[in-house]
Amino acid sequence: MQRPDMSVAVAGIKMRNPVMTASGTFGYGAEFADYLDLESIGAMISKGLSLKPKAGNPTPRIVETPGGMLNAIGLQNVGIDAFIEQKLPYLKNVNTPVIVNLYGNTLEEYGEVAARLDGLSGVAGIEVNISCPNVKQGGIVFGTDPGAAQEVVRLVKKNTSKPMIVKLSPNVTDVVLMAKACADAGADALSLINTLTGMAIDLERRRPVLANVTGGLSGPAIKPVALRMVWQVARAVKLPLIGIGGIMNGRDALEFMLAGATAVQVGTASFLDPSAAQRIAGEMEQYLVDHKIDSVSSLIGALEV
Amino acid sequence: MQFKSMVVSNVELSPNYFRMRMTAPQELLASAPGQFLMLKVTDAIDPLLRRPFGLFDVGTFTAEYAGCGAQTYCEILYKVVGKGTKLLAALHHGDVVDLLAPLGRGFDLGPAGEEKVLVGGGVGLAPLYYLAKALVERGEKVRLFAGGRNRDDILCITEFERLGVETYVATDDGTLGESGFVTQVLERHLNKGMRIFACGPTPMLDAVAKMSARHEVPCQVSMEAYMACGVGACLGCVMKGANHTEATPDYRCVCKDGPVFDSFDLQWS
Ligand SMILES: Cc1cc2nc3c(=O)[nH]c(=O)nc-3n(C[C@H](O)[C@H](O)[C@H](O)COP(=O)(O)OP(=O)(O)OC[C@H]3O[C@@H](n4cnc5c(N)ncnc54)[C@H](O)[C@@H]3O)c2cc1C
Ligand SMILES: Cc1cc2nc3c(=O)[nH]c(=O)nc-3n(C[C@H](O)[C@H](O)[C@H](O)COP(=O)(O)O)c2cc1C
Ligand code: FES
C-alpha cells in the first residue's frame, strides 16, 4: 500500500500533516531543534506575542497536578519587534509554516500587533489568543464576552490579510456561543481549547502554590473537556477547527479529528517528550496504515454518534 | 540529547538518599559539571513532568558481561521527597528510563591557580562531586564545606576525600563535624584569591552569596526551580535577576541561563 496522505489545510495554510505545536509550549521553535525534525511537523505556533516585551508573572509559575499541570507564566515574551528581528530569520529557513500567536492588553494593541505582522514573509498565519487566563487586562475579558470577542476579531481582520485563527477559551458556559460570535466576525478558523482556570493549594503553608494564585490547567487531565468542546463547535460552526488539549499520542490526536478537528496542537506533551509532535504524527500515520485508510482528512468529523 | 538509559545500580546511601548509576551515550563525557538531566520517572501520566537532577558523576566503566567494551555512565544523587523520587527509589538494575541531558549551563572553572572552595548543603553536594573531579584533574587545590541538618544529610564525603579534597563538615545538630551552619565554618576560612562554587537550599545560597560579596570572592551558585520543559521553552523556571524591579523586570531562566549563575547576576533577599 502507498503511504497514506497525511496532508491537511487550515484556512489555506497547507500542512504536511495535522500536527502543530501549541503556543507557549514550543518556545520560538529553535529550542526544540535538537530533539525533533522541525520539518516533520505540520506547523509551529510561536509563544504569544504582544506589542511590547512582557515580563510575565512572579514565581512559582508552574505546578504539577494529577495528569496535568497549572501554569501562570503571564505571557512572558520578547515583543513583536524582537520576534521579527531575532526569531523569525531562523524560522524562515525551516520549511514548515509558522503561525504567530498574538494578544493585546487592549483592543487597539491586538490591531497593532496584527498590522505589524501583515505582509511579513515567513508568517503563514496568525492565531489570536483571546483566552489567556493569566493576565489581568486583555486576555480573558475578550474571550468570555461574545461582544468583546467580535470587536477584537473584526479589528484584527481589518488589519491583516493573513489567515486568522481565533483561539477560544474553555472558561465559558457556552463555547458554541463564542465560536459563533468569532465566526460571524470573520475568523478563518478556530482553535480550541486554551487552558482551564485552576488552582493548587500548599497545605503546609496554607497558601496557594502559584504566586498568581490561579493558573491554567493543561495536559491529559483536560482532554475530555477539549474533545467535547471540539465536537460541540464542529456541529454548530462551518469553520475548520484545530483541536488542543491533552494530546499525548497519535490516538488522542485522531480522536480530535473524528470529533471534527482538521488539525491538532500538541502542548504539554512536548515538555515530557520534546520529540512528541513528530512522534504523534508518526503514530497517526501508523494508525492509517494499520486500518488501511488512504487519507487522514477522511477522518475529519467522521464520528458516528 | 534525548536517550533511553538503563539503570545500572540504585543504592540507598543513607536514609532517603540514593545514588543511581545509568548508562549514557558517549557524548555525555563532554558535559560540564553543574549541568543537569531531566528524567522521566514513569511512562504513566502521574507524575506527568520530568524531574531535574544535577549530574553527580559521569565516566566510563566496563560491564561484567563478556565482550562488552567500555560503557559511558552518568550518576545522580537524590533525596526522596515526593511522588517522583519515591518511584525513582524503586528502580532496579535493568530498568529503563528516558533522559534529556546534558542541560543548562554548568560551572565556569575559572583560572588555574586559585583555591577552589565548594559549598554544599544536602543533595547540593551532587553537582559538586563532578566539579571536584574536574578541578582535581586540572591539579587545583579544592576544599569542600558540607552542611546538613544531621549526619544522614552528609553524603559521599569519603568520595571527595579520595579525590584529595580537604573537607569540612557542619551539622545543625552536631551529629557530624562542627555544630552549626556550614556558612559559619566557611566564613572563617574565606580569603581573597579563592573562588566559591555553591549548591544547596536557597537560604544557604543566599548566605554564601552575601558572604562572597563582603569578602570580594567570586561566587557561582547552582539554583533550583520548578521546571516543566528544561529547555527554555515554557518560561516556568525563571528567577529574579540582579536588576529586577517591578517596573523593569529581569527574569533569568534557570534551565537555560542556569542552573549555575554568577551570584552577582541574581537578586538575593
Ligand atoms: C537544576 C536542578 C537540579 C537538581 N538536582 C537535584 C539533585 O541532584 N538531587 C536531588 O535530590 N534533587 C535535585 N533537584 C531537586 C529535584 O528535582 C526535586 O527534589 C524533585 O523533582 C522532586 O520530585 P518529587 O516528585 O519527588 O517531588 P514532588 O513534591 O512530588 O514534586 C512535585 C513537583 O515539584 C517539583 N519539585 C519539587 N521539589 C523541587 C525542587 N527542589 N526543585 C525543583 N523542582 C522541584 C517536581 O519536579 C515536580 O514537578 C534538582 C532540581 C533542579 C531544578
Ligand atoms: C506553559 C504554557 C504556556 C502557554 N502559553 C500560551 C500562550 O502564550 N498563548 C496561548 O494561546 N496559549 C498558551 N498556552 C496554552 C497552550 O497553547 C494549549 O492551549 C494548552 O496547553 C492545552 O494544550 P495541552 O493540554 O496539549 O498542553 C500555554 C500553555 C502552557 C502549558
Ligand atoms: S523549565 Fe521550561 S523554561 Fe525552564
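Yeah, the Cβs are placed from backbone N, Cα and C, and that goes for glycine too.
What TrEMBL says about this one:
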- A:7-288: domain 'Dihydroorotate dehydrogenase catalytic' (DOMAIN)
- A:SER23, A:LYS47, A:GLY48, A:ASN101, A:ASN129, A:LYS167, A:ILE193, A:GLY219, A:GLY245, A:GLY246, A:GLY267, A:THR268: FMN binding site (BINDING)
- A:LYS47, A:ASN71, A:ALA72, A:ILE73, A:GLY74, A:LEU75, A:ASN129, A:ASN194, A:THR195: substrate binding site (BINDING)
- A:CYS132: active site, nucleophile (ACT_SITE)
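Neighbour density around each Cβ, counted as other Cβ atoms within 10 Å, peaks among the binding-site residues A:GLY48, A:GLY74, A:GLY245, A:GLY267 at A:GLY245. Spatially, by CA atoms, the binding-site residues A:ALA72, A:GLY74, A:THR195 include one closest to A:GLY48 (FMN binding site), and that is A:GLY74. The DSSP secondary structure for A:ASN129 (FMN binding site) is strand. Within 10 Å (C-alpha to C-alpha) of A:SER23 (FMN binding site) lie the following binding-site residues from A:LYS47, A:ALA72, A:GLY74, A:THR195: A:LYS47. Annotated pair A:LYS47 (substrate binding site) and A:ASN129 (FMN binding site), C-alpha to C-alpha distance, rounded: 10 Å.
According to DSSP, A:GLY74 (substrate binding site) sits in a coil region rather than a helix or strand. Mean model confidence for the domain 'Dihydroorotate dehydrogenase catalytic' (A:7-288) is a pLDDT of 94. Look at A:SER23 (FMN binding site): DSSP puts it in coil. Farthest C-alpha pair in the substrate-binding residues A:LYS47, A:ASN71, A:ALA72, A:ILE73, A:GLY74, A:LEU75, A:ASN129, A:ASN194, A:THR195: 16 Å apart. A:ILE193 (FMN binding site) sits 17 Å from A:GLY74 (substrate binding site), taking the Cα positions as reference. Note on proximity: among A:ASN129, A:GLY245, A:GLY267, the binding-site residues of the record, the Cα nearest A:THR195 (substrate binding site) is that of A:GLY245.
Across the fold, the C-alpha of A:ASN129 (FMN binding site) and the C-alpha of A:ALA72 (substrate binding site) stand 15 Å from each other. Between the C-alpha atoms of A:ALA72 (substrate binding site) and A:GLY245 (FMN binding site), the distance comes to 17 Å. Ranked by Cβ neighbours within 10 A across all protein chains shown, the binding-site residues A:SER23, A:LYS47, A:ALA72, A:ASN129, A:THR195 are led by A:ASN129.
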